[in-house]
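If you check Swiss-Prot, you get these features:
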- Cys95, Cys97, Cys121, Cys124: Zn(2+) 2 binding site (BINDING)
- 25-39: compositional bias 'Basic and acidic residues' (COMPBIAS)
- 155-175: transmembrane segment (TRANSMEM)
- 195-215: transmembrane segment (TRANSMEM)
- 70-131: zinc finger (ZN_FING)
Amino acid sequence: MNMPLHQISAIPSQDATSARVYRSKTKEKEREEQNEKTLGHSMSHSSNISKAGGSSVASAPVSSFPRTSVTPSNQDICRICHCEGDDESPLITPCRCTGSLHFVHQTCLQQWIKSSDTRCCELCKYEFIMETKLKPLRKWEKLQMTSSERRKIMCSVTFHVIAITCVVWSLYVLIDRTAEEIRQGQATGILEWPFWTKLVVVAIGFTGGLLFMYVQCKVYVQLWRRLKAYNRVIYVQNCPETSKRNIFEKPALPEPNFESKDGRGVCHSDTNSSCCTEPEDTGAEIIHV
């Protein structure tokens with residue numbers, strides 16, 4: 001029985017390794033080509049987008065873009081109105097806040113204190129050091145009140161004047177009649193019952209009048225305090241800690257260096273010209289003229 005014959009080819013080891021290297025190189029080349037193709041597609045897509053965007057930007061007018069200041073400002077500004085300080089309204093440091101919240105105008109802070117009715121910073125909770133002063137009398141302003149409040153005050157004042165006049169006149173009449181009865185009683189040695197009745201009525205009327213005047217005077221005192229508070233100016237002092245810190249944090253002025261590093265001479269700078277003076281030769285002879 002004849003068996004089929006298979007041809008077996010023996011390849012040396014060196015040829016096998018070279019074939020493997022060749023295959024790996026071809027695979028790497030194929031991968032690189034694929035990567036280049038994908039990169040080419042993405043670059044072409046991005047270039048198309050950039051061209052479209054560039055054409056739209058070029059077609060847009062220049063005036064359509066808002067003009068904003070990009071340059072940073074190194075000057076201090078008020079944290080309420082965001083304005084700089086000047087000679088008329090300087091900036092103060094009333095609390096321990098730092099950074100952009102460090103400075104504030106005196107007038108802005110006064111208005112904020114009046115509107116919020118607080119005496120401390122809302123951020124660092126530092127109590128302001130305040131000094132109050134009253135305006136001169138000729139500069140006092142009228143208290144802001146409604147017409148109904150003014151009408152009530154005028155009626156109250158008129159009623160009180162009339163009531164005080166009546167009470168004083170009644171007391172004068174009662175005291176005069178009582179004194180006359182006392183003189184008559186001293187003559188007879190007996191005081192009649194109407195005398196004690198009049199005395200009790202006078203005492204009750206006097207006590208009631210005093211209580212009524214006390215209650216009404218409290219209302220007038222409150223109005224007076226409101227008027228004083230309205231014509232009072234509040235000055236907020238600088239925080240002592242921040243003022244000391246600002247003094248210590250001021251940069252020292254650089255001392256002028258009159259000696260050059262190479263020791264050749266002294267350079268003097270001027271706005272119009274600059275010159276360098278050479279050192280004098282110590283060995284030069286002095287010529288007498």
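Quick reminder: no glycine exception, Cβ is built from N, Cα and C everywhere.
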* Write out, in the order they occur in the sequence, the residues of the chain not among Cys95, Cys97, Cys121, Cys124 that have a C-beta within 8 Å of the mean position of the C-beta atoms of the recorded Zn(2+) 2 site. => Pro94, Arg96, Leu101, Glu122, Leu123, Lys125, Tyr126, Cys239
* Residues of the same chain, at least six outside the transmembrane segment (195-215), with any C-beta under 8 angstroms of its C-beta? -> 160, 163-164, 167, 170-171, 174-175, 177-178, 181-182, 185
* Structure fact -> In the zinc finger (70-131), averaged pLDDT is 82
* For each of the binding-site residues (Cys95, Cys121, Cys124), count the other CB atoms lying within 10 A of its CB, then report the residue with the highest count. => Cys95
* Residue counts in helix (H, G, I), strand (E, B) and coil for the zinc finger (70-131), per DSSP? -> 14 helix, 10 strand, 38 coil
